Amino acid sequence: MLTQVIGVGVNILYKVSYNVGFSLRILVVYQFIVATICILPFALIVDRSTRSALTWRIAGLGILAGVFGGALGQNIFAASFAFASVTYLAAISNLSLAVTYMLAIVFRMETFTLATWPGKFKLIGTVISITGAMIISFYSGPNIHLWSTSVDLLQHHGIAALTQVQRPVYGIMLAFSSCVCFAIFLTILTMMSRTYSYPVFSSLLFMCSSSTVLSTIYAISIQRDWSSWYLAQDASAITYSGILASGLSVMLATWCARQQGPVFVFATSPLALIFTALMGPTLLHEEIHLGSVIGGLLIIIGTYAMLWGKSAETQSRRDDLAIQTVQVQSRRDDPDIESVET
């Protein structure tokens, strides 16, 4: 739940930063600089005794994690705020579970079967989630007025307030692309931790440092006005997004992926949509449409259907393993059983 609250805060800060004219490309660069500085002590101290030798394969995976988790994925996600509201983007972000599940099947981190109910639920959940995303993308519907407050962080002026109404599909497409990037990034980090036993903090340090370099190159190639790099323009957003979003939140997600698999990272992801649906109209005066409500509900239903299937599948494997352990122990304790079998 903590990661979802952090994510909602980052989304609101991104939207406000874009609205006041601060370059989100530069914000992403500073975000990963702060995250790298925060993770460095943990990687040096905590992982000192468990860190294995750095190989070319691990280095390559670390760079790929930096590309998809930072330079590419985060910049694509940041660009989506120019075209859609935070509520739209929060709803589409829940598709990360379906994308991660499909990638986990490709890399054999998850199994796919329709012979069991858990397997059927995971497939049904994926289809329902994608259906919800399509409804959000292509059906707006009437406006749903929840409440009005005197707080308006966007102040509804300039091009930012205009573009989110005119071209929401562009923002949704960018948000979905960032979901794909994040799913690839999470799969790569899981491979580094599980397959190659590379520590979590060291993996994240590799990702954040490579993201910093690549994001800086990308931002400099486009943002030639050096005055826009002035830190005081949005220091709060830089600090929050760097320490909490790219630091603490990603560490928690990576730890969860290593313990339970990449799919379980999204167990509480629908909460982000609920929090955003409450905060959007309250702080940003955003409009909520019937299509986004219906699509969001379908995505939540699909997400929890997939999570139930995954949980039931995991519990079944644990039960089978426990039965096998008891049988082996029984054979060891009773030599007569072993002699009869032989």
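The backbone N, Cα and C atoms fix where each Cβ goes, and this holds for glycine too.
Remember, it's a predicted structure, so these values are computed and weren't measured experimentally.
Taken from TrEMBL as is:
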- 21-137: domain 'EamA' (DOMAIN)
- 22-46: transmembrane segment (TRANSMEM)
- 58-82: transmembrane segment (TRANSMEM)
- 88-109: transmembrane segment (TRANSMEM)
- 121-140: transmembrane segment (TRANSMEM)
- 169-192: transmembrane segment (TRANSMEM)
- 170-307: domain 'EamA' (DOMAIN)
- 204-223: transmembrane segment (TRANSMEM)
- 235-256: transmembrane segment (TRANSMEM)
- 263-284: transmembrane segment (TRANSMEM)
- 290-308: transmembrane segment (TRANSMEM)
Contact call for the transmembrane segment (88-109) and the transmembrane segment (290-308): at least 3 Cβ pairs under 8 Å, seq gap 6+: yes
Structural state census, the domain 'EamA' (21-137) (DSSP three-state): 88 helix, 0 strand, 29 coil
Two-stretch contact, the transmembrane segment (169-192) and the transmembrane segment (58-82), at least three Cβ pairs under 8 Å: yes
Within-chain partners of the transmembrane segment (204-223) [C-beta distance under 8 Å, separation at least 6 from its ends]: 23, 25-26, 28-29, 32-33, 35-36, 39-40, 43, 58-59, 62-63, 65-67, 69-71, 74-75, 185, 189, 229, 246, 250-251, 254
Outside the transmembrane segment (290-308), six or more residues from its ends: residues with CB under 8 Å to it: 87-88, 91, 94-95, 97-98, 101, 118, 121-122, 124-137, 139-144, 263-264, 266-267, 269-270, 273, 277
Segment-level pLDDT (mean, integer) for the domain 'EamA' (170-307): 75
